[in-house]
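Colleague: Let me give you the structure first, and then I'll get to my questions.
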Amino acid sequence: VQWSRSCRVHPWGRTQPPGAQCGADTRRENTGLTRGQNHYISTRKQDRISVFVFRAMEAIYDVEVTTGSMTHAGTFDNIFITLIGTQGVSERAKLDSYGRDFKTGMKVKYKVITRFTLANLLLIRLEKDNLMFLPENDWFCSLVNVRTPEKDVIHFPCYRWMAEGEVIELREAKGLYTYLLLHYFFFLNKFAPVRCVFAIILWPLHWFSVNLCVPSSSSRWTEFKTGLPQHAFFQEPLSLPSVVRFSFTKDMDSAFNCSTALGEIKMKKLVKKTDQWVQMEDMKSAFWSSRTAVSEYVQLHWMDDDFFGYQLLNGSNPMMLRRCTELPLNFAVTNGMVQPFLESGTSLTLEMKQGNIFLCDYKRLADLPTQFINGKQQYVAAPLCLLYKNQVGKLLPIAIQLQQQASEDNPVFLPSDSEYDWQLAKLCVRNADCLEHQASFYLRTHLAETFTVSLMRNLPAAHPIHKLLVPHTRYTLQINTLIRNRLLGPVGAVTQSTSIGDEGMTNLIKKALSDLTYSSLCLPEDISDRGLQSIPNFFYRDDGLRLWSFINDFVRSMVEFYYQSDSDVQQDTELQDWIKEIFIHGFLEQSSTGIPQCFSTVEEVIKCVTMVIFTVSAQHSALRAGQFDYGSWFPNAPGSLKQPPPTSKGSSDKNTLLDILPDMNTSAYLVSVFWLLSKPSSDLVPLGQYPEDYFCQMAPQKKIRDFQAELSFFSESINDRNKGLQVPYTYMCPDNISNSVSI
């Protein structure tokens with residue numbers, strides 16, 4: 001109930017009975033007024049309407065506003081604040097002190113004076129207006145702290161950019177979900193019945209208008225291509241709300257990296273060179289300035305069989321290998337063919353039973369359309385590759401069939417074939433692996449946007465799961481917008497540099513989505529389903545499982561702090577809407593994926609949130625960070641084949657390898673993409689680091705510190721291990737993992 005300076009009609013419109021006593025306690029119960037206010041009742045006998053006259057006492061609220069510390073976070077513009085409580089709303093007050101108020105990294109204190117106490121403070125409203133003739137500049141508000149007249153300090157985390165004319169309403173930092181908030185308002189604050197009716201009707205509508213990170217009108221779903229996960233309704237980076245766009249530092253870093261990558265290939269005049277490579281030596285100078293220790297090792301050992309197997313475990317695409325317990329019917333390999341490459345006294349059948357035979361099947365590449373590049377028809381293989389783990393733990397290829405259907409013109413290539421036949425067969429596998437990797441990488445990148453958009457649409461900013469996940473959405477919408485426009489579109493750098501082109505890549509991602517399951521997104525289940533629990537020197541598995549365990553323990557501690565029972569989960573309608581939209585718009589309502597459509601238990605929430613954080617951080621790093629290391633020597637990761645895969649043996653030579661590799665400009669463009677996607681951001685926020693204090697309670701803050709300590713110790717152990725490795729595996733070191741899909 002809001003009161004004027006002088007009087008109000010009794011809030012329920014009820015007449016007082018004759019002789020009724022209106023003591024202080026009765027008046028407080030009926031009106032909701034607080035102690036310390038003087039009330040006077042004047043009863044007019046003619047209409048018997050009770051009128052309250054009261055003298056309002058001033059209430060002083062101390063407000064501290066913190067501006068972000070990143071470049072250009074400050075502003076010259078005018079900032080206004082309004083306080084909203086259970087018993088009133090303050091006047092709109094300009095935040096103004098001596099000098100410039102909102103410099104980068106500054107904390108400034110103000111006083112907001114109201115005519116009466118607002119009781120329980122529910123929201124604060126921030127507004128930003130342009131200062132006179134000065135050019136408009138965005139402002140990054142980190143945190144607002146309010147000290148009430150009752151000496152309570154309430155934290156309102158913001159951590160977002162504000163544009164001119166924008167209005168932000170913030171809830172306090174305690175993570176609560178809606179049905180608990182309604183309980184809090186109605187029962188703990190003892191709303192009067194009429195006020196309860198209006199609150200029940202209006203509060204859910206107001207909730208969504210003030211708590212989502214992005215206005216609901218702009219966080220709509222739209223379709224990139226039919227059959228692919230849907231994404232946010234943004235076509236260009238500049239159309240994104242300021243809250244989800246790159247920072248100034250990130251913008252400058254991105255522009256510089258793009259110009260650097262293109263500048264090198266232009267300087268070496270590779271952009272317009274549509275000729276094929278004359279000799280392998282010419283390729284060594286293509287990207288000499290960006291070489292890494294791993295890329296140099298790849299250049300020296302890419303033809304070695306043991307390194308071929310190592311890449312399938314720890315390279316940029318560790319997703320294809322699985323244990324083989326039975327040969328596919330379309331794979332024409334026999335026991336006699338591979339017997340010379342097994343240990344003496346054993347057989348293919350016996351080795352399969354013992355778990356030493358593994359298979360990479362690139363069947364999704366079969367029948368994909370291919371395109372012309374530089375006026376030349378391109379080709380793609382769909383191979384099956386059989387590998388053997390020998391007694392010393394090395395994984396070696398022992399048979400390769402380059403197309404799916406067994407036939408006379410589709411021979412099985414073996415290590416005993418001529419050197420160039422065997423190298424050519426492995427090169428075709430590397431081409432297939434490169435294409436599969438791109439599909440897997442971009443599919444998971446799309447899914448990160450699905451998680452983000454559903455979060456913005458359904459979970460209010462004060463919701464504990466929103467606060468837990470929002471740091472893992474940083475830059476995701478803008479980076480995905482750039483990927484769609486510059487890499488995956490009809491004229492995208494990836495689609496123009498690969499043999500399958502735009503149509504083929506789209507079909508490949510569709511196939512990958514149809515094969516994707518909830519289990520394959522959960523690393524422990526994925527490793528078990530592929531039968532890779534015991535294979536040695538599998539650092540992707542070892543580091544990934546440790547990270548999954550750390551993330552899962554952290555998520556469990558946070559979720560169980562806010563959800564004490566399964567009924568809490570079942571009653572949380574926002575949480576149910578979040579996972580429902582992920583199922584509908586991300587996985588296109590395919591029940592075969594196993595993605596939950598709703599949550600029934602706390603354990604289900606823990607598993608799903610763990611999967612989301614792992615996918616957008618550790619898994620993304622494992623698939624992204626090694627692309628330049630393993631692809632800069634492009635014979636090791638050719639995106640295209642200029643000649644069809646061989647249909648016979650004995651006709652290959654050194655020139656055959658050069659003939660089948662993509663042209664100079666095609667190779668250069670794809671390697672430039674690898675370099676851009678592999679380069680860490682200059683404003684990287686590592687996994688487990690939360691610069692924004694969304695959680696104000698001590699218990700969640702301690703859990704975050706414990707999580708950070710575990711990750712720090714794990715980073716040290718990985719660094720110690722890598723010192724003894726010829727090829728260090730750094731892609732799942734927490735220090736190198738971004739908290740979100742930010743590149």
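Backbone N, Cα and C atoms are what each Cβ position is placed from, and that goes for glycine too.
Quantities reported herein were computed from a predicted structural model and do not represent experimental measurements.
Pasting the relevant annotations from TrEMBL:
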- Gly74, Asp96, Asp138: Ca(2+) binding site (BINDING)
- His446, His620, Ile743: Fe cation binding site (BINDING)
- 59-176: domain 'PLAT' (DOMAIN)
- 220-743: domain 'Lipoxygenase' (DOMAIN)
- Trp161: site 'Essential for stabilizing binding to COTL1' (SITE)
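Context for these features, please: burial, neighbours, distances.
Modeller: The Cβ of Asp96 (Ca(2+) binding site) has 11 neighbouring Cβ atoms from other residues within 10 Å, across all protein chains displayed.
In the domain 'PLAT' (59-176), helix, strand and coil residues by DSSP number 0 helix, 64 strand, 54 coil.
Within its own chain, Trp161 (site 'Essential for stabilizing binding to COTL1') has Asp138, Trp139, Phe140, Ser242, Val243, Arg245 as residues 6 or more apart in sequence whose C-beta sits under 8 angstroms from its own.
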Colleague: So of all those binding-site residues, His446, His620, Ile743, which one's Cα sits nearest to Asp96 (Ca(2+) binding site)?
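Modeller: It is Ile743, whose Cα lies nearest.
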Colleague: Excluding near sequence neighbours, so keeping only residues 6 or more apart in the same chain, what lies with its CB under 8 A of Ile743 (Fe cation binding site)?
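Modeller: The list for Ile743 (Fe cation binding site) reads Tyr475, Ile479, Arg624, Leu676, Leu677, Lys679, Pro680, Ser681, given in order along the sequence.
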Colleague: List the Cα distance (Å, whole number) between Gly74 (Ca(2+) binding site) and His620 (Fe cation binding site).
Modeller: 32
Colleague: Take every residue in the domain 'PLAT' (59-176), average their pLDDT values, and give the whole-number result.
Modeller: 88
Colleague: Within 10 angstroms of the C-beta of Asp138 (Ca(2+) binding site), what count of other C-beta atoms is obtained when all protein chains are considered?
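Modeller: Taking every protein chain into account, the count is 20.
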Colleague: Going along the chain, which residues six or more apart from His446 (Fe cation binding site) have their CB under 8 A from its CB?
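Modeller: Listed in sequence order, they are Phe224, Leu228, Pro229, His231, Asn480, Ile509, Gly586.
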Colleague: Fewest other C-beta atoms within 10 angstroms of its own C-beta: which of the binding-site residues Gly74, His620 fits that?
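Modeller: Fewest other Cβ atoms within 10 Å, among the binding-site residues Gly74, His620, is found for Gly74.
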